[in-house]
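**Student:** This is the structure, below, for whatever I ask next.
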Amino acid sequence: MANSGEEKLKLYSYWRSSCAHRVRIALALKGLDYEYIPVNLLKGDQFDSDFKKINPMGTVPALVDGDVVINDSFAIIMYLDEKYPEPPLLPRDLHKRAVNYQAMSIVLSGIQPHQNLAVIRYIEEKINVEEKTAWVNNAITKGFTALEKLLVNCAGKHATGDEIYLADLFLAPQIHGAINRFQINMEPYPTLAKCYESYNELPAFQNALPEKQPDAPSSTI
C-alpha cells in the first residue's frame, strides 16, 4: 500500500453517499489502506457530538490523516492527489484539465445537491413523492445533458481519454445513483453510458461501490 509505515487513514463514510463514494474510488486508485468508519445518516449519526467535533457541518465524507482533518470530498481528493501523486488524477493537458474541472463542477453543484439526503427530506415535507421524484430527475437530466455535450468530443475509454482522471471519480457515483436509485434511462447519454461501462470493469471502481461497503444493508449485497 502507498501509505505503508504511516498511520492508517480514517474515512468517515456512509455506504450510499455519492460524495463518500468518489473518495473511496480515489483511495482505491491510489492503493491506500484506510479504516472505514460508518456514519449512519438515516439514524442521525452525523449529529452526534463526537462526529461534530470532526465535521461541524455534520456531513460525510470526512478524512482523518494524523492531525489533518478534511471534510469536503473535492478537498479530500485533491489532498490525496498531492500527497500521493501516482497515479495522477489531473491530466497535464490544460484543456483536458479544464474539462475535468467542468465535469466535476456540474456534478458537485448542479446534480448532487438535489439528491442530498438532507435536501430530499426537507423537500418531502413540502411536496408529494411524485413531485419530489420529478424535481430530482429534472436536475439529473439537466446535468447529464450538459455532461454529454461537454464530453462527447474528448472522451476515450473514460471521460477525458483513456486514463482515469478527476471527472471519472465524480461521474461514476453519480451515474450509479441515477441508474440504481432514480431509474434514469441512460440511452440519451451514450458517452456517459460508455464511461460507466468502462468503470464497471475496473477493480478500484468495483470495490468502491455502495453495495460493497461494510455498512451496506445485506439486502443490497
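Glycine residues also receive a Cβ, built from the backbone N, Cα and C atoms like all the rest.
Heads up, here are the entries from Swiss-Prot:
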DOMAIN    7-88  domain 'GST N-terminal'
BINDING   17-22, 46-47, 59-60, 72-73, Gln112, 116-118  glutathione binding site
DOMAIN    93-218  domain 'GST C-terminal'
**Student:** Any same-chain residues 6+ apart from Gln46 (glutathione binding site) with CB under 8 Å of its CB? Would you list them in sequence order, or say none?
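**Tutor:** Spatial neighbours, sequence-distant, of Gln46 (glutathione binding site): Val39, Asn55, Gly58, Thr59, Val60.
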**Student:** Including all protein chains displayed, how many Cβ atoms other than that of Thr59 (glutathione binding site) lie within 10 Å of its Cβ?
**Tutor:** 22
**Student:** Per DSSP, how many helix, strand and coil residues does the domain 'GST C-terminal' (93-218) have?
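**Tutor:** Taking each residue of the domain 'GST C-terminal' (93-218) in turn, the totals are 87 helix, 2 strand, 37 coil.
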**Student:** For the binding-site residues listed here (Ser17, Cys19, His21, Asp72), which one has the lowest count of neighbouring CB atoms within 10 Å of its own CB?
**Tutor:** Asp72
**Student:** May I ask which residues of the same chain, at least 6 positions away in sequence, place their Cβ under 8 angstroms from the Cβ of Gln112 (glutathione binding site)?
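**Tutor:** Sequence-distant Cβ neighbours: Ser18, Cys19, Gln174.
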**Student:** DSSP helix, strand and coil counts for the domain 'GST N-terminal' (7-88)?
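**Tutor:** Grouping H, G, I as helix and E, B as strand yields 32 helix, 17 strand, 33 coil.
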**Student:** Near Leu117 (glutathione binding site), how many other Cβ atoms are within 10 Å of its Cβ?
**Tutor:** 15
**Student:** What average pLDDT is reported by the model for the domain 'GST N-terminal' (7-88)?
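**Tutor:** Taking every residue of the domain 'GST N-terminal' (7-88) together, the mean pLDDT is 98.
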